[in-house]
């Protein structure tokens, strides 16, 4: 083998080593990437080019290559300095950096002596395979090499190292401590000799940026200052951001100068700051604008008692001198970033005089310097990131004057948990085994959203996966298992644990996190022990003081709680009681604004939570067993006493302080189902609105709600709920009647709708998209369930919608059908609808897909509000009608124009739809004339009805008259009530109990003109019904402490089936007490007794789904103020003097009938009824000028026979009446009976009583008899008695009682008088009472003696 071949083979091996190293070197790759983006190096071929250049150098490159590899290894160490701090000390770093810089210049000189292969004239590598070079180029080697990129590369490496060297001076002097503050190292727990480095394990947490409006709302409620957060960025939106976006500009280009990062314990706040400083050292582009970054730990600063300047303070945290720092602050203060970690107990009182330095060289107490930095009295041009727990965040935000951004750190998403597991276990098989087993435990997966807990779980899984999966259910259980494992490894004694707890407890009471060596020794701990604690060297003047701290503040809180239960019973209980008293006396809860409820910076609540967890015997037993102690017996004894205290304390937390979330966390840690149920048994409503809920909070809520027996309503508005969090809450949400919450996008509730559709408890679900979200429009979703039927409403907040937008959707369907469509997909399409334009080619397909989602729901009714009715929407509507046979009514309201293209398509296709279709909007006109232009903006309403309904309408001659719905209350005009009902007149007969009704209808929606009852049926149905005197219920009502607010109706379904029944009530829902809706019940009188159930109310009716009938009415609890719609009847009983009986009574057809029967010998005088509702059970007085009125006052009553005013008016004149409330003398109704009307009545009375000077001697009744009732009784006899049918038909046509076609059939057909009269009576029977009165009057006019020839009647 030739020497040349051997040298080249060795060279290739060396080059391969170099190539592998470069491929893996992150700093080198980042350098190459930066160069390639500037057009200097082709990144895709940089390594191949480098290797080709070295290959072409031949034998001469050997020595150079060896030196290069050696120093590139040094470069790797330097580049990774901040990732692996313990490797180099400062002196060694400076010496080796100097060596590299000397070698760098030698390389540049020597490279010019080497030939290279593969570079063209522009320095771009030639194409070709590296393994088969085309041969060396001999010509112009010196010139080519001088212009090659290899020299530039080495110079760039030098510059890179110089920057790293400079930035390394800003790192904390105690390099070892720098990487151990947030993560316990493997070395400290003696699992291996390697440290757990920050960079390889770091996993980015979820950070939420809050909008200005949301932050101001939270902070103003906390600080209560009109100037709160005035410097927040005005165009920040609530959204998730990454670390590199903390200083990104808002939509207006404004960049924040202060970033507040708040979050719960263990969420990774300190980690984020350390990652920022490492990214800055490694030249990450999002922090490249800063020339200096200083990290200040607030807990250490509080230990510095001497006064100093800011420059002196900063020099303690890095290797720069005060003079060097002073120069930086003076020359480029805008390029300085301060990272202030852990301001958890910040408070500022403007009335307390403290030193306020305004110059970096001015001396002051350290805490004053930090206050001035935060209050923008020092270095206003600089930037600040401050981390804090929740309660200090609001006050910090209110003090900062720089442009500010408010953020929260939530922890890991599920995807980030997986990423962290992979980094922790490194080995792919171990990772998969651990993560897949953990995923099956949803509770553990939820806890892993807290980064600190995630690390502890990984640590425990590595030691004993099976035990972890069965035992870890609470936060306390994770800490117990972690501590037990470490104690087992280190063989620590019981005294060690007690000493550790004593130190922690003393620190809790004194608000102390750092301990000197004397304090540690006093408790019996060996300062050399590093389990659970870290050492810190704090600069004090010219010496370093050794201090100790717990690995994490939460460990101090845990050990303090553990200490309490390790004491003897008397001392333990004394300290626990003291803990409770401290919580009350310091009024911690009072200082919490809504979003911070349950998230306190003070450690006492956390100690209390751990204490509750340790009193769970299953949790603490593993720790006690390893210690071989008798503590478990003490725990059992103390637990009984603790429960007594908790029974008093936890309800007080909720009732007095509104501190639900923390109380529920305590209950969760106990894991005692019977106890939790007992504590929460009285809770019917939980309101956590504006509390930012974490995944762990949702887990706690789900557990407690499932054990809350009487929970009825939840309010989770503005709680940052996501689909993942709703999934955790799902098992409990179905247990409530009323749910209110908000989400970022409605599509996140798609799965929840599917689940809740099966709930037998849910009555109302209200969801809206977060008001602080990024996107517009925002949608709201309302769902109500009544007796198996669902009313679903979707409303948009859009004020300037696009052409194809749908603004509102309102539908009804059976609850059992609601799960038959994919609501997630439907809601996603709904949001997309607003993004389409008039010319969008996707418009047709999208609208079709949107409406087709509703085909399978079993729609009963659908209301759409559209921007414009174009051909796409018309086509979609037609398809929906054709495919949804259950649809009974479809209404389309158009806010813009009804385009002719859409209308033509509808008219062509809907000649005989199976349901009623109503289109309303403004008519579009293509004519350019001025007149038509005006008409195009006129509102129109177009109806498409089934022919069957049109035929029914022709047969139903229903003039509402006095018996139909005639309520014009303006107070409740906005209360929902559908008016799309076909009004029908039933046949009437007299039974033993009074008037009864019978009717047969086809499928549709109908209203009885007599009783106002409504019903919905899918097919033919025959009903027999009547109004019942409700006095028989008075005893039961007294027992129930209720009053009736509706007639009592007894309905019998002879054939067919009713889908819905709507029973009339006379309450005014707008004017009554807001609690009325929940206090109303439907009463049913059954064979077994009475039953009560909830009922849905509309404006005038109580809605029952798929009713099973027996006598029913509507009740309301006594004591709730109720206003009702009232009717008025006035009867004149005497003419000289005039005596009037004036009745005010709830709108009840039976009551009206009974009054008229009682007053049948009197003369009714018409007067307008009260349009405003009147208060039930409230005294009212009637004032009539120049008249005597008795009694002085009456109450409006529903359960008893109506009372009335009697008015005596001696002089015939206009009679003005004023009804007023007695308590405040407020007038509620005014009416006038004109003198002329009274004269007419008086003359008519005389004419009725006397004809030709003598009284009627016939048996013919007076004209004041009830003609409608007379017809109902005698219509069979009238068929045989009336002969002049043609004349009667003439007058019926004239009065518009019959139509032209029917009139022709009577006149021209060769029928007998009896046959013609039978046809007329059939029509009249279906008419209203007014129709019957007109008919009898016509018969009497044509045949005055007719009544004498009929059998006598009781009527």
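Cβ coordinates come from backbone N, Cα and C, glycine included.
Annotated in Swiss-Prot:
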type    : residues                               : note
BINDING : 263, 264, 265, 266, 267, 268, 269, 270 : ATP binding site
DOMAIN  : 257-458                                : domain 'NACHT'
DOMAIN  : 977-1252                               : domain 'FIIND'
DOMAIN  : 1278-1354                              : domain 'CARD'
REGION  : 977-1109                               : region 'ZU5'
REGION  : 1110-1252                              : region 'UPA'
Segment-level pLDDT (mean, integer) for the domain 'FIIND' (977-1252): 85
Number of other Cβ atoms within 10 Å of the Cβ of residue 264 (ATP binding site) across all protein chains: 24
Those binding-site residues listed as 263, 266, 268, and which of them has the most Cβ atoms within 10 Å of its own Cβ: 268
Other CB atoms within 10 A, centred on residue 269 (ATP binding site): 24
Secondary structure of residue 266 (ATP binding site) (DSSP, helix/strand/coil): coil
DSSP-assigned states of the region 'ZU5' (977-1109) in counts, ordered helix, strand, coil: 15 helix, 69 strand, 49 coil
Three-state composition of the region 'UPA' (1110-1252), taking helix and strand from DSSP: 25 helix, 64 strand, 54 coil
Listed binding-site residues (265, 267, 270), ranked by Cβ neighbours within 10 Å, top entry: 267
CB-centroid shell, 8 A cutoff, ATP site 263, 264, 265, 266, 267, 268, 269, 270, site residues removed: 387, 389, 409, 411, 450, 451, 452
